[in-house]
Amino acid sequence: MAGFSGHWALTFGLLGNIVSFMVYLSPIPTFYQIYKKKSSEGYQSVPYVVALFSSMLWIYYAFLKSNATLLITINSVGCFIETIYICFYIFYAPKKARVQTVKLLVMLIVCGFGFIVVSTHFLVKPSEGAKIVGWICLVFSLCVFVAPLCIVRQVIRSKSVEYMPFLLSLFLTLSAIMWFFYGLLIKDFNIAIPNVLGFSFGVVQMLLYVKYKNADKIITTDDQKLPEIQKEEQILNTPEMLTHHQIIDIAKISELLEAEKMTKNNGISASHNDKNLPKESQV
């Protein structure tokens, strides 16, 4: 029975590695947009910094435990990829966002991770170190799943999913399922528990995406119609149309002047006609 659960644990662990790798790759469309705009405005670095910190913690936890190779492999890949994302973000970020990202890195990576390693290595017994680090990993794994929710408020307020990538939410949900069963089968609840909430948060994000994914299209359509209406109104009042009417009036005046000129040239005939006009009127 133990061998059977061990095989299933290995299976879910490998699947967890594969899906987690896809999670790390899912922000690529986001960074492609940053590259196209040459600016990270609208995007936040918090999820990537927290993910880097969490990966480092899991590697440290795996070294304190035995038989945790699957944790080391995927989190090593995660550290590498998240470091690239953060460097890319800092390069294109505005000055204010760049400063905030560097402060967050110093606070979490240098101070936070450094303090955890030093305190658990020198101040705690080796047998207790894994338990303490395990609980810390549990808390910050929740932060990894919660971090993308900082965009949820923006999505609800703006009714736009432009800054909430769907692929990230999808792969986080799948990853949570795989690692939950892996932790459950190896009886490591520090791995299993946070993935319960991770699955819940992922579902919430996907539901919001489905709800607001068409809002951008509606807004875009309205924005495209408005200039057309304004253009039609402008056409009705263009200087060319006014000039056309003026030309017609000038033509009429010219005809009247020409008729008057012809009347003067035919003075005798005109005078005779003028004398006869009252008589004709009386008749």
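Heads up, residue numbers simply count up from 1 along the chain you see.
A Cβ is built for glycine as well, from the same backbone N, Cα and C atoms used for every other residue.
Heads up, TrEMBL stuff is auto-annotated, nobody curated it.
The transmembrane segment annotation in TrEMBL covers 6-25, 46-64, 70-92, 104-124, 130-151, 163-185, 191-210.
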- In terms of Cβ proximity under 8 Å, which residues at least six beyond the ends of the transmembrane segment (163-185) contact it? 5-6, 8-9, 12-13, 15-16, 19-20, 22-23, 26-27, 29-30, 42-43, 70, 145, 148, 151-152, 154-155, 191-193, 195-196, 198-199, 201-203, 205-206, 208-209, 213
- Message: Using Cβ atoms and a strict cutoff of less than 8 Å, what residues sit near the transmembrane segment (70-92) while being 6 or more residues removed from its termini?
- Response: 10, 13-14, 16-17, 20-21, 24-25, 27, 31, 34-35, 38-40, 43, 45, 48-49, 51-52, 55-56, 58-59, 61-63, 98, 101-102, 105, 182
- Task: Six or more residues out from either end of the transmembrane segment (46-64), which same-chain residues have a Cβ under 8 Å from its Cβ atoms?
- Result: 24, 27, 71-72, 75-76, 78-79, 82-83, 85-86, 89, 101, 104-105, 108-109, 112-113, 116-117, 120, 126, 129-130, 133-134, 136-137, 140-141, 143-144, 147-148, 150, 190
- Query: Residues of the same chain, at least six outside the transmembrane segment (6-25), with any C-beta under 8 angstroms of its C-beta?
  - Reply: 51, 70, 73-74, 77-78, 81-82, 168, 171-172, 174-175, 178-179, 181-182, 185-186
